[in-house]
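Quick notes on the structure that follows.
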């Protein structure tokens, strides 16, 4: 199996560009896992994308070995298998007990049972070109499901009008990667490689359009508007300072707002004394005294 077709050097060029761009995409979650290692917690992150990506990479390696002239498909997906395995191992190390069990269960089921069932099924039930054809369409189905994953992020961008969770550089690299592998499939005359990347290109362009639309939007945080307050210190107003209160002011109040208003008026007028016999004011408790006084 040659590295590339001597008849068409564009197969090698597009495949090499696809390797470079996919290399960057595979390393995109690295900051997330550095954060997980530092905090020793998965913080609610899900392991499903990494388990599915590992399964997809394993399928493409098997397909590339079954098909001639697709060496560059082996190189990048071998790297992807190593990286995704490391990601999953880190996730299991720091995940909660329940998340560990669910991740291991999914890993064994999808990357173990399902993958080897496909391998045995194709190995014993297909022959020659039919084997490559059948395996190729299986790869198309799972690659399409992986490319459809950004739909949830795009929906979140539209709802929140924020591109915080859809970095432009990652969308750009995904688009560039889809273009490179689409050209690789076309030059190699392999529809199984080209078809999923048509979908990847469409989603990549849509992400970039959404970024252009919402990149200047800012999240509006609605805060409660508060009026200026004058808090009354209960300890500053004592019975010794309260000499007299006008007899026109009621001594008892049924309404809390009247009590607060009386305390404010008392604070402003306690220096204006008349000659009437002083009355002792029964002050309300501190929770009632703390209120808003109109200036």
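Cβ coordinates come from backbone N, Cα and C, glycine included.
TrEMBL: automatically predicted annotations, no manual curation.
Quick look at what TrEMBL annotates:
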TRANSMEM  12-36  transmembrane segment
TRANSMEM  48-65  transmembrane segment
TRANSMEM  71-94  transmembrane segment
TRANSMEM  106-128  transmembrane segment
TRANSMEM  134-153  transmembrane segment
TRANSMEM  165-187  transmembrane segment
TRANSMEM  193-214  transmembrane segment
Query raised in the report: Counting Cβ pairs under 8 Å that are 6 or more apart in sequence, does the total for the transmembrane segment (165-187) and the transmembrane segment (106-128) reach three or more?
Result: no
Report task. With pairs restricted to those 6 or more apart in sequence, evaluate whether the transmembrane segment (134-153) and the transmembrane segment (12-36) have 3+ C-beta pairs under 8 Å. Result -> no
Report summary line: In the same chain, residues at least 6 away from the ends of the transmembrane segment (48-65) whose Cβ sits under 8 Å of its Cβ atoms read 29, 71, 73-74, 77-78, 80-81, 84-85, 87-88, 91, 103, 106-107, 110-111, 114-115, 118-119, 132, 135-136, 138-139, 142-143, 145-146, 149, 192
**Report entry** Intrachain residues whose Cβ lies under 8 Å of the transmembrane segment (12-36), provided they are six or more past its termini
**Finding:** 3-5, 42-43, 45, 50, 72-73, 75-76, 79-80, 83-84, 87, 90-91, 94, 170, 173-174, 176-177, 180-181, 183-184, 187
**Report entry** Residues of the parent chain within Cβ reach of the transmembrane segment (193-214), under 8 Å, 6 or more residues beyond its termini
**Finding:** 70, 73, 139-140, 143-144, 146-148, 150-151, 153-154, 157-158, 161-163, 166, 168, 171-172, 174-179, 181-182, 184-186
Query raised in the report: What else in the chain is close to the transmembrane segment (106-128), if you only count residues 6 or more beyond its ends and a Cβ gap under 8 Å?
Result: 47-48, 51-52, 54-55, 58-59, 62, 88, 134-135, 138
Query raised in the report: Restricting to the same chain and to residues at least six past its boundaries, which positions have a Cβ under 8 Å from a Cβ of the transmembrane segment (71-94)?
Result: 1-4, 12, 15-16, 18-19, 22-23, 26-27, 29, 33, 36-37, 40-42, 45, 47, 50-51, 53-54, 57-58, 60-61, 63-65, 100, 103-104, 107, 184, 193
